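Now, the feature entries from TrEMBL:
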DOMAIN    8-209  domain 'Phosphoribosyltransferase'
BINDING   R80, R105, D132, P133, M134, L135, A136, T137, A138, N139, S140, D201  5-phospho-alpha-D-ribose 1-diphosphate binding site
BINDING   I195, G200, D201, A202  uracil binding site
Amino acid sequence: MSDTLTLVDHPLVQHKLSLMRDKECSTAKFRRLLREISQFLAYEALRDLPLTTRRVETPMEAMDAPVLEGKKLVFVSILRAGNGLLDGLLELVPGARVGFIGLYRDPETLHPVEYYKKLPGELGARPVVLVDPMLATANSAIAAIDNVKRAGAKDVRFICLLAAPEGVAKMAQAHPDVRIYTAAVDSHLNDHGYIVPGLGDAGDRMFGTK
Ligand code: URA
């Protein structure tokens with residue numbers, strides 16, 4: 001396994017992921033489970049955030065209580081499926097700044113085509129967490145990370161629900177400084193760039209499209 005990857009294999013995460021894989025899982029349930037798992041993934045991805053202290057008066061006495069230090073962090077959702085992870089992250093970190101990068105996969109080449117981008121400022125001074133549920137070929141993730149690095153980001157992390165070994169290897173080669181946080185690494189990619197056994201098209205399952 002790549003040393004740029006953190007596998008978040010908590011039993012609750014594994015259980016929820018198995019429910020999501022089931023093709024009979026409803027759209028509403030799929031979205032709820034993705035939001036729940038995103039918070040376990042974020043818990044790991046953000047565990048090294050720096051802290052400072054703030055003077056707080058408890059009902060008992062004053063103390064120097066730990067609070068997050070530095071500029072607000074940034075979540076960047078790779079549209080559209082990234083939004084399913086973003087919702088959960090924003091519940092945990094409501095003050096985070098949010099960027100969006102719209103990429104679709106050309107079905108012939110499997111290469112990403114950018115159609116939208118809006119990023120917050122001062123990326124170089126903030127941890128930047130990119131989110132996309134499926135790390136398959138990694139072409140979109142790599143293009144999105146290229147993008148935020150060009151905009152100045154230095155501390156970049158990547159959260160996905162599921163990864164393929166091919167995608168993990170490609171990311172490690174393209175961006176060895178970017179740690180990947182995922183709930184599972186599946187067997188392989190099929191000829192259409194889908195993760196096997198996977199869960200199908202995450203965007204379609206999340207939004208009820210086909
Ligand atoms: N994107 C998806 O939604 N599913 C896959 O299996 C691969 C890419």
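For all residues, glycine too, the Cβ spot is worked out from N, Cα and C.
Candidate binding-site residues: M134, S140, D201, A202. Those with a Cβ under 6 Å from ligand 1, in sequence order, are M134, D201, A202. Considering only the binding-site residues D132, M134, A136, A138, S140, the residue whose Cα is spatially closest to the Cα of D201 (uracil binding site) is M134. The binding-site residues recorded for this entry are I195, G200, A202, and the Cα of A202 lies nearest to that of R80 (5-phospho-alpha-D-ribose 1-diphosphate binding site). Here the candidates are the binding-site residues D132, A136, A138, and by Cα distance the one nearest I195 (uracil binding site) turns out to be A136. Closest to A202 (uracil binding site) by Cα-Cα distance, out of the binding-site residues D132, M134, S140, is M134. G200 (uracil binding site) is 14 Å away from D132 (5-phospho-alpha-D-ribose 1-diphosphate binding site) when you measure Cα to Cα. In the three-state DSSP assignment, the secondary structure recorded for M134 (5-phospho-alpha-D-ribose 1-diphosphate binding site) is strand. Across the structure, S140 (5-phospho-alpha-D-ribose 1-diphosphate binding site) and G200 (uracil binding site) are spaced 17 Å apart at their Cα atoms. Geometry remark: A136 (5-phospho-alpha-D-ribose 1-diphosphate binding site) versus G200 (uracil binding site), CA distance 11 Å. DSSP assigns I195 (uracil binding site) to a strand in the three-state reduction. Those same-chain residues not listed among I195, G200, D201, A202 yet with C-beta within 8 angstroms of the centroid of the uracil site C-beta atoms are P133, M134, Y194, G198, L199, G203, D204, R205. When other Cβ atoms within 10 Å of the Cβ of A138 (5-phospho-alpha-D-ribose 1-diphosphate binding site) are tallied across all protein chains shown, the result is 27. When averaged over the domain 'Phosphoribosyltransferase' (8-209), pLDDT in the model lands at 96.
Each residue contributes its Cα atom, and for M134 (5-phospho-alpha-D-ribose 1-diphosphate binding site) and G200 (uracil binding site) those atoms are 10 Å apart.
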